[in-house]
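Enquirer: Pulled these features from TrEMBL for this protein:
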- C:75-146: domain 'Cyanate lyase C-terminal' (DOMAIN)
- C:88: active site (ACT_SITE)
- C:91: active site (ACT_SITE)
- C:114: active site (ACT_SITE)
């Protein structure tokens, strides 16, 4: 069983059994966005969580070590996403990416926002009476550093 | 003068004169991220702001209507960004994009986070004593809707 | 069962049973273009409609929750379509896309025509005695707006 | 002078002089969308119209035969457009292209909507109190036909 | 059964049974190039012809409606063909495409050679004692026309 | 002066002076399609013809050896052409390329139609009262041959 | 059975049975490079040779007509090869391709080295005591020729 | 002056002055293919040779250190060459690349033909009375070797 | 069994049985990085090692000659890697590749670092109290050399 | 002046004046690889160093703030490098990238080698009497970490 097969099994079993992502995250006691990403093949699950998920979703036993292994990450089927929900995030990158780069440098110095020591949150706000999706990227600032010996 | 030429003139004049992006945003009284994106060629400037910027940065008069026109948006020179600071945002999309899609649908229904009725903020947080860059995407939820006549 | 497999099953079962798209749209009481797109994998079906379709087309029960889930959208196998019927729409975009952009901005302001709060219609006209295909894109105008807090 | 240089001159002179596309279309007495596309380099102008435009926009005399020649068409700088206003049209093609193909075949037979014997219109509608952009593609139906000798 | 599967079945059954394309074209009484393209998945077959082909090539009954449906056209696995026999046609396009464009415009006006109201023929000629392949593209001239209402 | 610069000079000088391609072909006594392709940068001109063309079009003397040198061939700015007039030829290749390959092999054996020992003609026909563009590819058949020593 | 399946069967059966390519070439009495290319799916085998190969490698009978048919040629899975042994040939093309073009034209005139009337040989040489691979491309010179009628 | 500018100057000056590549190779006493590649920007010239070439071709003095520096190699403007003379070499790679890989491994072991310790020759042969271009790749065999410490 | 299938079998069997790469390298007495690469499909295994691995991982007997054959190398599914761990190596190449080229030439002369006579090591270092990954590329310097006859 | 123009000026002035990269690194007292990368446009220079470099290389005063600004990083003109010296590093990534990923995870856990807190060194070794290039990547291990609030 490959990780892609394990992911496909999770996706269809979740729909068939009617679990929400929130219920699966609660079941293993891990943050919601992290759990969803992990179950979509982007993070290894702790072995115990892998076993719980396999049980809940009736996955075969051989899925457990596969879910617990570090996966080959990168979840988009094409370099530029075609799905409109995901595309809007890419569009924001096209329109605001260079501005964010300038401001990270102006406010923090030469470096990057880590995508490894990093968390994402999804929330909700209201502006002018309309419901807004709020997505927060929160990553450690890593200054460019050339280690001395 | 094309918009690309106007952007290049802004970029090099800003460096030569030593303005921060914050100073330019303050000068025209507009939000910081919005201003930086606009000056990098992604939004039209109100005519008055265009005149102020042209004055501050010694741009020729013909730049003013160019800066005030709606630009052809999209600021990345390649579909996948090569600059590490910008790439990390793309990487977050590769790793978390499908998870964000699932959760927008689970929490808001079938639809998207608008990138048009939308704002971005950049801020700062501390976790475990380390400085973090916090980027907030805040866009109106737009449900898929097939208008009745 | 993945959504792609469900779509393939719909496509071949429809041909084998000889249903028109119009008949399927009538069966579930939804607009014709919307239904065709949904059955080709681009929209979730309401659970009841999914059940009706599964029955009409003899799809297995497990297809129902798959059809009712929000799909990963984007229905073209290549970025530039090779099929001549679809290509003509892409060609119109190549030839008239920049003009439409200019005129949306001139007539509505800085913003976009939504593809989410949006409907498409296909009809028929006659010019100089020849039959014409008339396709209408009708999307809400969304002005660029940077929400104040 | 190449056609690309002529287009660039039109774009910047129009902004500098403050003409709307509608005014330019009125000046030469041609439809609005057609005129905008032609001035953006997608159609030849009749020689008289080319002369009028050159005069209005202060283009050099050598621009006239260039504007009157059939151009190399195709106005997008990348195969997938990055500008959000244009992208939405591409997105509609990704989501609804295959459905439109099926329905053209179901309602008209095997063939295409011509993009040559073709016009585009942009208009306005209101649904649920919201302003909508309405774009109409109107092209002759061309049935696949293998001419007998 | 998908159309791709039907095409694959035709290709291997034809080889196994030793039919020439000419024999298959004669069997259904249709032009040779048209028939070959149709059997390679590029045109719908009239239902009766589909039945005849299915019988001759021992295809399952479910192939008949698939062969009779309008296919998703475009028969090259890569945008630039790698097969030398097909590549020479692409090379001719690279070397002579712009010249043909200029001459279509000079001799017929602004418009295109239709690829829909169109036929192709393959024949033979002798020049300087050498056998030549002669391929004739014969398509209706379609002038650019913006229909008046 | 590069060949690209020489081609650009020919293109704009031809328009300014109002020559047809036919007139230029007649001036040097060479076939029409060949001459057009050569002047668009795809074939070397015999030195005398290069001189005649340079004189007719007021090109600088240094253009003559450039026009007489073998060029780097390939005249399309993108692998898939965007111009509709040229695209139709590419579309014919997508739809009929595999069929032409099969028929070249069936009628001539394993080999190719040469694009080197090759000529192209453009003509006119009438079918059902409509004017047709007829393009003839005529290339030597080259059988695959593994030379013995 | 498709040609790709036949090739895959040859590749794994050859390894399992321990034949060298030389032994297979000897078995059918054809040149070594030609045979290896043909068995990797690039040339049709004469029917008798196809039968011999099928017997030696235990291929099913239905493989014989497939091996004897003209294949769709082009054996690289990506446009730029990733395998280092094959890449070096591509690198030579990148570094020396334009030089070879200039010298073919200087020494032979305007034309090409045929890849159809063509053979390849692989041999061995010693320079400065080191073993060298020597690959010889030997193709008929084809001068550009526009046939007179 | 960049190396690309130096190459362009060499190309046009060579044509204007009427030198053959052979004459330039003789002038600096280096092999013909090597010299042509070097002058097309693929190898550094020894400083003395650079001076000789600069003198012969009237290049400015600042060209000498540029020609003597190691260039950024890779001479094709697109990954797949469009020029027919160069394309035939790429086609040979597509058709025979995998076979050459197998035979290098069968005859020499696991390794590659070096493209660094490497020479190319162009010559002439006659088969069946026809003139052939013969191109010889001659590169050191480099076996895969994992150095022990 | 193809090499890709053999690799997939190794990957999932290793996870199911809980072997580390180090244990597999120790089992066959070969360097760690080399063994991991070989088992991921990048090097042939000596036949005895192939048998040992097949036994340890319960692979079918037919895997042995497949593992012992020279593979088609190149282990990344896309030209630009999407996995963050691998991407950082590509990013280093984007940022430092041109500098490494300059310094190889300055310190060693015109040539390359071989990737064939080459080894890679992975180790550990501490700088400022933080654990660092140290990857060492060690390849023979190969000077550009044009062999004399 | 853009950063690309500044880099081009550095490259040609360095050649004209005959400085080595080592001399420039010594002049500003910074590590060799870092300095070379910075002068090739990949790192900002401290303002004082920028002034020193501008003086040594006769760059205009306006170059100083440009060199001191954080650049848009990514120094390869194509996604897959064509230059052989740089390509070998990409090839190592193709062949060993997946293995390095597995071993980083086996030896350090789930995470990456930073390319930001990172240094590169180039050195020399001898194996079996042959000179080797040794390139050391040394980056902080960053474990995947989802910060708790």
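Glycine is treated like the rest: Cβ placed from N, Cα and C.
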Enquirer: Work out how many Å separate residue C:91 (active site) and residue C:114 (active site) at their Cα atoms, rounded off.
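Expert: Cα-Cα, rounded: 21 Å.
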Enquirer: So what's the average pLDDT for the domain 'Cyanate lyase C-terminal' (C:75-146)?
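Expert: The average pLDDT of the model in the domain 'Cyanate lyase C-terminal' (C:75-146) works out to 97.
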Enquirer: DSSP says what for the domain 'Cyanate lyase C-terminal' (C:75-146): how many helix, strand, coil residues?
Expert: 25 helix, 32 strand, 15 coil
Enquirer: Would you count the other CB atoms within 10 A of the CB of residue C:114 (active site), including those on all shown protein chains?
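Expert: So the Cβ neighbour count for residue C:114 (active site) comes to 23.
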Enquirer: Do the active-site residues C:88, C:91, C:114 include any whose Cβ comes within less than 8 Å of a Cβ in chain F, and which?
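Expert: It is C:91, listed by sequence.
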Enquirer: Measure from the Cβ of residue C:91 (active site) and count the other Cβ atoms within 10 Å, all protein chains considered.
Expert: 24
Enquirer: Just name the active-site residues among C:88, C:91, C:114 whose Cβ comes within less than 8 Å of a chain B Cβ; none is a fine answer.
Expert: C:114
Enquirer: Taking only the Cα atoms, work out how far residue C:88 (active site) lies from residue C:114 (active site), in Å, as a whole number.
Expert: 21
Enquirer: Validating a neighbour-count step here. Other CB atoms within 10 A of the CB of residue C:88 (active site): how many?
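Expert: Excluding its own Cβ, the number within 10 Å is 26.
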